[in-house]
Amino acid sequence: MQAIQTEIAQLTAELNQHNYRYYVDDSPSIPDSEYDRLLNRLKALETEHPQFCLADSPTQRVGGEALAKFEQIQHLKPMLSLDNVFDEQEFTAFNQRITDKTGSISYCCEPKLDGLAVSITYRDGVFERAATRGDGQTGENITENVRTIKSIPLRLRGDNFPLLVEVRGEVIMPHKAFDALNERARAKGEKLFVNPRNAAAGSLRQLDSKITASRALGFYAYALGVVEPESWELADSHYGQLEQLRSWGVPVSQEVKVCDSVAQVIEYYNDIQQRRSSLEFEIDGVVIKVNQIAHQLSLGFVAKAPRWATAFKFPAQEEMTLLEGVDFQVGRTGAVTPVARLKPVFVGGVTVSNATLHNADEIARLGVKVGDTIIIRRAGDVIPQIVAVVAEKRPDDAKEISFPARCPVCDSEVERVEGEAVARCTGGLFCEAQRKEAIKHFASRKALDIDGMGDKVVEQLIDKELVQSPADLFKLTASAMTMLERMGMKSATKLVAAIDVAKQTTFARFLYALGIREVGEATAANLAAYFKTLDALKAANEETFIKVDDVGTIVAAHLAHFLAQPHNLEVIDKLIEAGVHWPAIEEVAEEDLSLKGQTWVLTGTLTQLNRNDAKAKLQLLGAKVAGSVSKNTDCLVAGAAAGSKLAKAQELGVKVIDEEALIAILS
């Protein structure tokens, strides 16, 4: 038996070494047939002696039992997006902003992979979990699917790595794998994937990991995330950290390069763009990062992106097609947007059949008519956009595009405020289109966060005339909800209960939920902190609004206009009458800010306090409420089923209290 255990260990190590040579070094050392022979021998031994199977065995990539749904995972550190530049002038301006603060620097450049961003965590060198980026704070647990990707090591190489390592990178589908996948689908008469990115995303989000295992996905790391202990010595440059990842067996693109000047970055960009079609994977630009970690730390971040990095996007791909007609859509704030119906055309990796014309000014600028041949571009390889008319191809029967004087949905008057490009329906919540979008926004996760109130549910509620305004949501009964498709009494009762829970919110969330133009989460929070009460907000004028942080003349005008409309005030009053409420925001004297300067973290389920209430009350006492535990955390509040944050706090020696202790502090 000892000999069998030894052979299994040797085969596992040998196959993992071959995987490293193949996927990381790009220098396979044995033929595929020999690899298959070794793998089959290992499978046979493990089948007979499963007790000797190792966690990093390549046989563990075949996939396991199908999941019912993906669990949500909170990232140890936010996964931010990148700002973009689209030409040399914009990149030069980006470089100037950096060097004005840091002096001379170098950049680490790499292809911008067009796949799905993921976070992979290793503990003691062993693959522990993986998650999608999601909204940057929370992603989906795709551990079992990522485990099937052959290029991702299940155990890090060597022994010189931290206790905990978070690897961030992109899951991609190589062109060869994409073509083979579509060939199989075509042979079976199944729907084809449009591009490798969609194929990678669809494959990674399969509830059955065996399907993911069959899709030949790849992975390239582009950064380190959280590392514990924090004192562990990492390389002092981004390139050096990528080399550390490579030494641990993690795949890193061979195209990564350090550039010491703007000219070298431009040269690198042009070279990658020229070779774009010959690369084995899809890319849509180049990512440029300040190489020195010390400079990255000093430059910091804006709300959702680092100041020290940017994506230098390739010029959008363009094609010609026919403009067959124009539809007019109405959005949440009443904006009437012309949408061009196009003869379907394949551009930038997708088939495009619609494109926005933005507004009447854009139609006039283009001089476009129905029947024209137009040039379509995917701006930033994302948003289809009409950029020009091919005038010489205009037919004799081309028709002018007439902007409607009345709303195409509710027949209310369409008005255009002087100085604004957008025309808007004046129907407000009387307009079904605005009503649907307004209520979807009201129920969304960052607003009142009504669990289970998805877009399709909202649309049915309005179509069946069960809801006319946000306040009507709080009058719904379970029996009425059963009128909706696929809504039994059990689901209806659960949804009504979720609506009732949502009545307890915060002033900031309530303001955001109202859907006031240009008032996002941050502005809503600033308004709540400044005015503290709804009555004070209602009584304010434009001059007062401008005194609030981040509120300029435009937002102030939108606020004043919103609060001057009787039907908006009626909606607000009805919401309050329906029981929507939030904890009072009281003026706190400086000496009463007992938690000023402290950083607190909440984890687990709070049974007596709403999490938003707890966060708001801690902030009123001067505390900063963070989303993750670090050595700078002063206190962790651990509710029921506390997980990794609690373990990390205990490891770092951070003070931990329960909900009862929190209530005592807040009272």
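Cβ atoms are placed via backbone N, Cα and C, with glycine included.
It should be emphasised that the depicted structure is a prediction, and the values quoted were computed from it without experimental measurement.
Features reported for this protein in Swiss-Prot:
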type     : residues                                                                                : note
ACT_SITE : Lys112                                                                                  : active site, N6-AMP-lysine intermediate
BINDING  : Asp32, Ser33, Glu34, Tyr35, Asp36, Ser81, Leu82, Glu110, Arg133, Glu170, Lys289, Lys313 : NAD(+) binding site
BINDING  : Cys407, Cys410, Cys425, Cys431                                                          : Zn(2+) binding site
DOMAIN   : 590-667                                                                                 : domain 'BRCT'
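Annotated features, which come from Swiss-Prot, shown on the structure.
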{"residue": "Glu34", "record": "NAD(+) binding site", "contacts (Cβ under 8 Å, 6+ apart)": "none"}
{"residue": "Leu82", "record": "NAD(+) binding site", "contacts (Cβ under 8 Å, 6+ apart)": "Val287, Ala305, Pro306, Ala309, Thr310, Ala311"}
{"residue": "Lys112", "record": "active site, N6-AMP-lysine intermediate", "contacts (Cβ under 8 Å, 6+ apart)": "Ile283, Asp284, Gly285, Val286, Val287, Ala311, Phe312, Lys313"}
{"residue": "Arg133", "record": "NAD(+) binding site", "contacts (Cβ under 8 Å, 6+ apart)": "Met79, Leu116, Ala117, Val118, Ser119, Gly139"}
{"residue": "Lys289", "record": "NAD(+) binding site", "contacts (Cβ under 8 Å, 6+ apart)": "Tyr107, Cys108, Cys109, His238, Gln296, Pro306, Trp308, Ala309"}
{"residue": "Cys407", "record": "Zn(2+) binding site", "contacts (Cβ under 8 Å, 6+ apart)": "Val330, Val336, Glu413, Val414, Cys425, Thr426, Gly427, Cys431, Ala433"}
{"residue": "Cys410", "record": "Zn(2+) binding site", "contacts (Cβ under 8 Å, 6+ apart)": "Cys425, Gly427, Phe430, Cys431, Glu432, Ala433"}
Have a look at the binding-site residues (Cys425, Cys431) and report the one with the fewest Cβ neighbours inside 10 Å. Cys431
Mind tallying the domain 'BRCT' (590-667) by DSSP state, helix then strand then coil? 30 helix, 17 strand, 31 coil
Taking DSSP three-state, what's Glu34 (NAD(+) binding site) in: helix, strand or coil? helix
Compute the mean position of the Cβ atoms of Cys407, Cys410, Cys425, Cys431, which form the recorded Zn(2+) site, and then list in sequence order the other residues of that chain whose Cβ is within 8 Å of it. Val330, Gly334, Pro408, Val409, Asp411, Ser412, Val414, Thr426, Gly427, Phe430, Glu432, Ala433, Gln434
Just to confirm my parser: what is the rounded mean pLDDT across the domain 'BRCT' (590-667)? 83
